[in-house]
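A short write-up of the structure that comes next.
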Amino acid sequence: MTSADSLLFTSLGPSPSSGDGDCKFNEEFKFILLPLSYAVVFVLGLALNAPTLWLFLFRLRPWDATATYMFHLALSDTLYVLSLPTLVYYYAARNHWPFGTGFCKFVRFLFYWNLYCSVLFLTCISVHRYMGICHPLRAIRWGRPRFAGLLCLGVWLVVAGCLVPNLFFVTTNANGTTILCHDTTLPEEFDHYVYFSSTIMVLLFGFPFLITLVCYGLMARRLYRPLPGAGQSSSRLRSLRTIAVVLTVFAVCFVPFHITRTIYYLARLLNAECRVLNIVNVVYKVTRPLASANSCLDPVLYLFTGDKYRNQLQQLCRGSTPKRRTTASSLALVTLHEESISRWADIHQDSIFPAYEGDRL
């Protein structure tokens, strides 16, 4: 067994008080799965998000509120994928980290920063869509781009502030020539880390996920009401696609990771037997790449829900000169025909929902 393998229990196994000090994790799969999966996420994530950022910055301005959320979502994904080459090297080198303790802390911090910023930006999009479909008058007041920009800034700062303790928990540990970059913390601090991590999970994933489910449930009920007109059917279809894409990202990327991580932490805290710990550890490690894959799935949201974004991207891929800047409007609204609402909307021409027609990016 190599020195890295002998250290696996130190970073991943139960705390010393568990009495299972002889439990060794068989993690050979990790040294193949994680480098390959992170490399794929890096290539695809950069290829998908870099053009997205370029289009938002140079071809789809001025932004509406939803485009603002999507730009920040793409920015978060891009920053994360740029850190992945170091993790590819780390796991390919069998848990050897030569980049220093500070960069170890930064890379682990960046993983959760991207994860929870993505969750909150998707939640912002969900609430914004819910307001536009179910409460259009309120959406005009609260859905302005300036408000969305301030909210995005708040998301960045709040998530970063909540994750500051992670910078103290995460560290490196040397054993001979092998240096581990812990994804949690040292064994003696693991109990405290679990309490911190669980609190963060409830605040930055549990509540936002619940809000997203409620918003999309109410939206789906509203959208399935029969409305005359082909244009409205097209708007409803785009909105339903939005629901499907966002819930798919949650179901594939976020939910499995948080469930398996919670089980993994509980198994260690409850001093589960070694066989159970090994099974839980394998399942948890398999879901880590899924959490990273949100950087590749998020751009699907822009493609499925925005006609103008899709057209601009097609022109970019064909090498043709894109049309001059157009207003970015990422998601469609259901057309509302109430005369009083239309008159009210005409007064607010600077709103992001002009005349309540279906917005198309």
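Using the three backbone atoms N, Cα and C, a Cβ is placed for every residue, glycine included.
According to Swiss-Prot:
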TOPO_DOM  1-30  topological domain 'Extracellular'
TRANSMEM  31-58  transmembrane segment
TOPO_DOM  59-68  topological domain 'Cytoplasmic'
TRANSMEM  69-91  transmembrane segment
TOPO_DOM  92-108  topological domain 'Extracellular'
DISULFID  CYS104-CYS181  disulfide bond
TRANSMEM  109-127  transmembrane segment
TOPO_DOM  128-149  topological domain 'Cytoplasmic'
TRANSMEM  150-170  transmembrane segment
TOPO_DOM  171-192  topological domain 'Extracellular'
CARBOHYD  ASN175  N-linked glycosylation site
TRANSMEM  193-218  transmembrane segment
TOPO_DOM  219-242  topological domain 'Cytoplasmic'
TRANSMEM  243-265  transmembrane segment
TOPO_DOM  266-283  topological domain 'Extracellular'
TRANSMEM  284-305  transmembrane segment
TOPO_DOM  306-361  topological domain 'Cytoplasmic'
| request: Please list, for the topological domain 'Cytoplasmic' (128-149), how many residues fall into helix, strand and coil according to DSSP. | output: 19 helix, 0 strand, 3 coil
| request: Mark yes when the transmembrane segment (109-127) and the transmembrane segment (243-265) have three or more Cβ pairs under 8 Å (sequence separation 6 or more) and no when they do not. | output: yes
| Which stretch, 31-58, 109-127, 150-170, tops the Cβ pairs under 8 Å count with the transmembrane segment (284-305)? | 31-58
| Residues of the same chain, at least six outside the transmembrane segment (193-218), with any C-beta under 8 angstroms of its C-beta? | 112, 116, 119-120, 122-123, 126-127, 129-130, 134, 159, 162-163, 165-166, 169, 184-185, 243, 246-247, 250, 254-255, 258, 261-262, 265, 268-269
| task | Please report how many Å separate the Cα atom of the residue listed as 'N-linked glycosylation site' from that of CYS104 (disulfide bond), as a whole number. | result | 16
| said: For the topological domain 'Extracellular' (92-108), how many residues does DSSP put in helix, in strand and in coil? | reply: 9 helix, 0 strand, 8 coil
| note | In all the protein chains shown, the tally of other Cβ atoms within 10 Å of the Cβ of CYS104 (disulfide bond) is 21
| Counts by DSSP class (helix H/G/I, strand E/B, coil) across the topological domain 'Extracellular' (171-192) | 6 helix, 8 strand, 8 coil
| Segment-level pLDDT (mean, integer) for the topological domain 'Extracellular' (171-192) | 90
